[in-house]
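Novice: Per Swiss-Prot, the features are:
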- 1-36: topological domain 'Lumenal' (TOPO_DOM)
- 36-217: domain 'SSD' (DOMAIN)
- 37-57: transmembrane segment (TRANSMEM)
- 58-64: topological domain 'Cytoplasmic' (TOPO_DOM)
- 65-85: transmembrane segment (TRANSMEM)
- 86-90: topological domain 'Lumenal' (TOPO_DOM)
- 91-111: transmembrane segment (TRANSMEM)
- 112-169: topological domain 'Cytoplasmic' (TOPO_DOM)
- 170-190: transmembrane segment (TRANSMEM)
- 194-214: transmembrane segment (TRANSMEM)
- 215-272: topological domain 'Cytoplasmic' (TOPO_DOM)
- 273-293: transmembrane segment (TRANSMEM)
- 294-401: topological domain 'Lumenal' (TOPO_DOM)
- 402-422: transmembrane segment (TRANSMEM)
- 423-976: topological domain 'Cytoplasmic' (TOPO_DOM)
- E618: active site, charge relay system (ACT_SITE)
- S685, R686, F687, D712, A713, M714, G715, M716, N717, M718, I719, S720, N928, R929: NADP(+) binding site (BINDING)
- K752: active site, charge relay system (ACT_SITE)
- D828: active site, charge relay system (ACT_SITE)
- H924: active site, proton donor (ACT_SITE)
- 928-941: compositional bias 'Polar residues' (COMPBIAS)
- 943-953: compositional bias 'Basic and acidic residues' (COMPBIAS)
Amino acid sequence: MDHEGCQGQHPQQCCQWVSNAWSEFLDLLKNAETLDIVIMLLGYIAMHLTFVSLFLSMRKMGSKFWLGICTLFSSVFAFLFGLVVTTKLGVPISVILLSEGLPFLVVTIGFEKNIVLTRAVMSHAIEHRRIQAQNSKSGKRSPDGSTQNMIQYAVQAAIKEKGFEIIRDYAIEIVILVIGAASGVQGGLQQFCFLAAWTLFFDFILLFTFYTAILSIKLRSTVSSVMSICVWPLRMMASRRVAENVAKGDDELNRVRGDAPLFGRKSSSIPKFKVLMILGFIFVNIVNICSIPFRNPSSMSTIRTWASSLGGVIAPLSVDPFKVASNGLDAILPTAKSNNRPTLVTVLTPIKYELEYPSIHYALGSAASNPAYNDAFHHHFQGYGVGGRMVGGILKSLEDPVLSKWIVIALALSVALNGYLFNVARWGIKDPNVPEHNIDRNELARAREFNDTGSATLPLGEYVPPTPMRTQPSTPAITDDEAEGLHMTKARPANLPNRSNEELEKLLSENALREMTDEEVISLSMRGKIPGYALEKTLGDFTRAVKIRRSIIARNKAAADITHSLDRSKLPYENYNWERFFGACCENVIGYMPLPVGVAGPLVIDGQSYFIPMATTEGVLVASASRGCKAINSGGGAITVLTADGMTRGPCVAFETLERAGAAKLWLDSEAGQDMMKKAFNSTSRFARLQSMKTALAGTNLYIRFKTTTGDAMGMNMISKGVEHALSVMANDGGFDDMQIISVSGNYCTDKKAAALNWIDGRGKGVVAEAIIPGEVVRSVLKSDVDSLVELNVAKNLIGSAMAGSVGGFNAHAANIVAAIFLATGQDPAQVVESANCITIMKNLNGALQISVSMPSLEVGTLGGGTILEPQGAMLDILGVRGSHPTNPGDNARRLARIIGAAVLAGELSLCSALAAGHLVRAHMQHNRSAAPSRSTTPGSSHDARLTGHDQCPRALSVNNVDERRRYSEVKAIDE
């Protein structure tokens with residue numbers, strides 16, 4: 001009976017404590033000022049924003065959940081340790097004090113140290129893996145190539161790099177908090193500073209112990225997962241390249257295997273864990289034995305006295321009686337002064353009255369009247385010293401029903417976490433660099449033959465005629481991050497039973513397409529159950545979706561006679577980050593088109609050197625531009641001037657009568673109309689700013705040409721959004737509700753079409769580039785002279801283009817350079833039509849050649865569109881113009897326009913020089929004609945065979961050899 005009363009006492013005390021805390025909180029809230037409540041609310045909001053910032057920072061480093069939650073656990077443990085030490089030292093800490101101080105402590109201190117340490121560890125791990133990859137490519141075997149050594153290296157290097165900085169920050173913060181604890185300021189500042197100092201101390205310890213261990217485990221788990229994903233499919237596929245590499249390295253692997261231990265590489269994680277457990281058990285027993293002289297409770301009196309004195313120094317009284325009695329003292333003092341007599345006042349400690357139910361006193365009385373259980377419990381463990389009393393206290397606390405449930409939950413979580421950690425340690429035992437079995441050369445040869453002669457599988461119930469076997473295309477290089485772009489198709493058992501159409505449709509309705517084979521998905525798609533455009537969204541695997549779409553197109557009866565070889569064509573589709581394409585750049589994807597990219601230069605533009613990336617299939621184009629760059633650099637480089645920056649959009653609106661259309665035109669041309677439209681347009685974007693509007697009337701149709709800046713984006717979508725809103729404001733607020741919007745784009749822009757309006761009024765960026773080439777450089781590098789170039793430019797670029805009625809085409813080949821740079825940097829290739837508008841002017845300036853190009857409608861951007869793709873973004877990186885400019889939006893796009901203008905200048909200079917010297921045809925015959933043996937991969941007609949046979953006669957070969965030598969010497973002289 002006594003035992004039950006003891007058990008029932010704890011829940012009542014907990015409920016009473018919660019009730020008291022809630023009532024104190026309500027009293028505090030009622031008596032608090034509005035400003036204090038607002039400050040506390042802002043503090044809590046800032047604290048939660050700090051948590052969000054922590055998870056966002058960890059997400060950028062590759063951890064969506066675990067590192068962030070482990071950081072919070074580490075900080076919570078540090079706070080609990082600090083709270084225990086503070087209360088044991090006699091410093092009173094209330095819930096109100098914690099609720100008021102913790103948000104500001106979290107916001108002030110934050111989790112920057114954990115983020116800094118994590119970033120350093122990850123960067124050193126990536127650096128270590130890159131060094132390993134370089135060594136493996138060069139044939140070197142690194143002695144520290146294992147995952148465990150990589151993690152050890154990353155942690156040690158990170159601590160060496162950032163350890164002093166972290167310790168310094170901790171020391172400064174703890175010193176400041178100690179000063180606050182010793183300041184003597186009342187109101188809870190001393191107690192909270194004391195608690196915060198201990199919390200930071202334990203946070204420092206846990207950062208380099210608990211959190212570092214979790215970080216190492218996370219790194220090991222990530223590396224093990226990546227290795228298992230990459231190694232397992234390669235073993236199953238047994239491709240030709242893997243077979244050759246393994247066969248060539250068989251002797252070396254045997255040598256390594258001979259030096260390795262019998263059971264593979266040893267993983268020291270589990271043995272170390274066992275040793276630490278045994279040492280901990282021994283340490284507990286040693287402490288228990290050493291505590292025998294101190295089993296007398298009186299021997300601890302000194303420590304208790306010191307702790308209580310320290311608590312008395314730091315902790316003031318919980319209630320200040322003079323503050324409570326301030327109202328009474330204020331009333332007594334004037335009375336004493338008026339009566340002119342001394343008054344003695346005694347201030348007593350306030351008494352707090354609480355209303356409780358009588359049942360509480362009955363329960364407390366029954367428990368207090370039967371202390372036999374408590375006395376027996378303490379008497380039983382009294383003779384066992386400090387360790388015995390500690391164990392006794394723990395056993396007694398287990399009798400609390402609430403606490404026991406939490407302990408069971410904690411034990412369950414501990415078991416689950418330990419199981420996960422042991423699995424991670426078990427993964428580390430196997431070394432992925434050492435094969436698990438002997439390599440059978442016969443099996444490798446059979447696998448090679450299988451890969452070389454693999455035939456396509458037929459769809460269900462449909463026959464497709466076989467196609468001639470083609471050579472296996474080379475594997476394209478990985479263009480994006482391997483961790484993001486590598487998608488392996490799930491292996492399918494070869495002996496899987498065929499499912500009926502009803503079963504397949506049932507799986508489709510259950511969204512279980514991942515359980516189907518490729519042939520089953522193809523069958524459903526060809527029967528119209530899965531739309532071909534929705535394969536990526538339906539399958540959830542972009543690479544597999546592209547592969548299946550190729551097979552579907554190859555088997556489509558409408559064009560099977562010409563597309564039957566698509567699924568085995570040399571158009572690559574693997575090892576590409578298709579997520580960037582989806583919903584942004586292309587639909588119905590069947591692969592990607594590798595395009596050669598070269599660089600021309602370096603070219604000095606406005607005092608800075610650039611290498612110009614150019615994606616082209618035209619021979620000698622990059623070489624010609626490089627020769628022009630060399631000549632321009634010899635004259636001091638190119639100078640550019642930006643003359644305009646404004647993208648245009650020309651909508652078409654209509655009215656019922658010409659009178660209304662004319663009134664609308666006059667209103668748009670007026671100052672009031674301009675102001676209203678500009679205000680409406682500018683409200684749609686923080687980058688788009690309307691510069692001007694130009695109107696034209698054709699009958700009852702009114703064309704309005706909006707011209708606006710668009711930041712670093714090319715801006716077509718941005719300006720279209722602004723035009724729609726401005727026209728809506730014009731109809732509703734401008735008094736033209738009878739206006740009918742025919743089209744947002746009325747070809748008055750003019751976009752992707754040759755138009756005199758773009759040539760006259762400009763569109764996009766307007767750029768003029770100039771260079772002065774000394775006469776000696778013209779003769780030595782360009783193999784021409786100044787007067788010949790000036791004469792050729794007038795006759796060809798000026799008079800010749802005028803005779804042809806050209807609009808903006810007064811140049812030699814500006815579109816060549818513009819198109820190549822557009823493809824390399826992710827610009828819109830269709831806008832080469834107006835972007836290549838250019839006039840080239842040459843003059844003889846005191847014996848030197850002065851050349852300039854003027855391009856009034858260059859439409860480029862460094863943000864959005866094709867620039868989101870990693871290869872194109874990499875080309876923008878080498879120009880230093882990727883993305884939006886951090887301080888002045890629009891500068892990156894304007895700099896790209898200057899670079900393109902200077903590159904066009906180099907191309908114009910080189911081509912005109914080649915034309916003047918008569919080198920153009922010979923250079924193209926040398927570099928821009930494919931060799932005859934390239935026809936061997938494509939079946940040709942009998943006519944092609946006759947031509948090929950004629951070209952291979954001994955006489956033709958002898959003549960070609962002489963021509964080749966002569967052309968090579970001439971082109972080499974041109975390039976030099």
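Backbone N, Cα and C atoms are what each Cβ position is placed from, and that goes for glycine too.
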Novice: Between E618 (active site, charge relay system) and D828 (active site, charge relay system), how many Å separate their Cα atoms?
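Specialist: That comes out at 19 Å between the alpha carbons.
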Novice: Using CB atoms and a 10 A radius, I'd like the single residue among the binding-site residues A713, I719 with the highest neighbour count.
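Specialist: Counting every other Cβ within 10 Å of each candidate, the maximum falls on I719.
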Novice: Between the Cα atoms of A713 (NADP(+) binding site) and D828 (active site, charge relay system), what distance do you get, rounded to the nearest Å?
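Specialist: Pair distance, Cα basis, whole Å: 12 Å.
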Novice: Apart from its near flanks, which chain residues at least 6 from the ends of the topological domain 'Cytoplasmic' (58-64) lie with a Cβ under 8 angstroms of it?
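Specialist: Residues 71, 115, 118-119, 122, 218, 222.
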Novice: Which one, 65-85, 91-111, 194-214, has the most C-beta pairs under 8 Å toward the transmembrane segment (37-57)?
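Specialist: Against the transmembrane segment (37-57), the leading stretch is 91-111.
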Novice: Rounded to a whole angstrom, what is the C-alpha distance between I719 (NADP(+) binding site) and D828 (active site, charge relay system)?
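Specialist: I719 (NADP(+) binding site) and D828 (active site, charge relay system) have their Cα atoms 16 Å apart.
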Novice: Sort the recorded positions S685, G715, D828 by C-alpha distance from K752 (active site, charge relay system) and give me just the closest.
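Specialist: The answer is D828.
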Novice: Counting other CB atoms within 10 A of each CB, which of the binding-site residues S685, N717 comes out lowest?
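Specialist: The binding-site residues S685, N717 were compared, and N717 has the fewest Cβ atoms within 10 Å.
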Novice: For D828 (active site, charge relay system), write down the residues of its own chain that are at least 6 apart in sequence and whose Cβ falls under 8 Å from its Cβ; none is a fine answer.
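Specialist: Non-local contacts for D828 (active site, charge relay system): M714, F822, E859, G865, G866.
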Novice: Between the recorded positions E618, F687, G715, K752, whose Cβ has more other Cβ atoms within 10 Å than any of the rest?
Specialist: G715
Novice: Per DSSP, A713 (NADP(+) binding site) is which: helix, strand or coil?
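Specialist: Looking at the DSSP assignment, A713 (NADP(+) binding site) belongs to a strand.
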Novice: Give the residue counts of the topological domain 'Lumenal' (86-90) per reduced DSSP state, in the order helix, strand, coil.
Specialist: 3 helix, 0 strand, 2 coil
Novice: For F687 (NADP(+) binding site), what is the secondary structure state per DSSP, taken as helix, strand or coil?
Specialist: coil
Novice: Go ahead and report the DSSP secondary structure tallies for the topological domain 'Cytoplasmic' (58-64): helix first, then strand, then coil.
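Specialist: The topological domain 'Cytoplasmic' (58-64) comes out at 3 helix, 0 strand, 4 coil.
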Novice: I'm checking region-level scores; what's the whole-number mean pLDDT for the topological domain 'Lumenal' (294-401)?
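Specialist: Computed over the topological domain 'Lumenal' (294-401), the mean pLDDT is 55 on the 0 to 100 scale.
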Novice: Give the three-state DSSP assignment (helix, strand or coil) for I719 (NADP(+) binding site).
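Specialist: Looking at the DSSP assignment, I719 (NADP(+) binding site) belongs to a helix.
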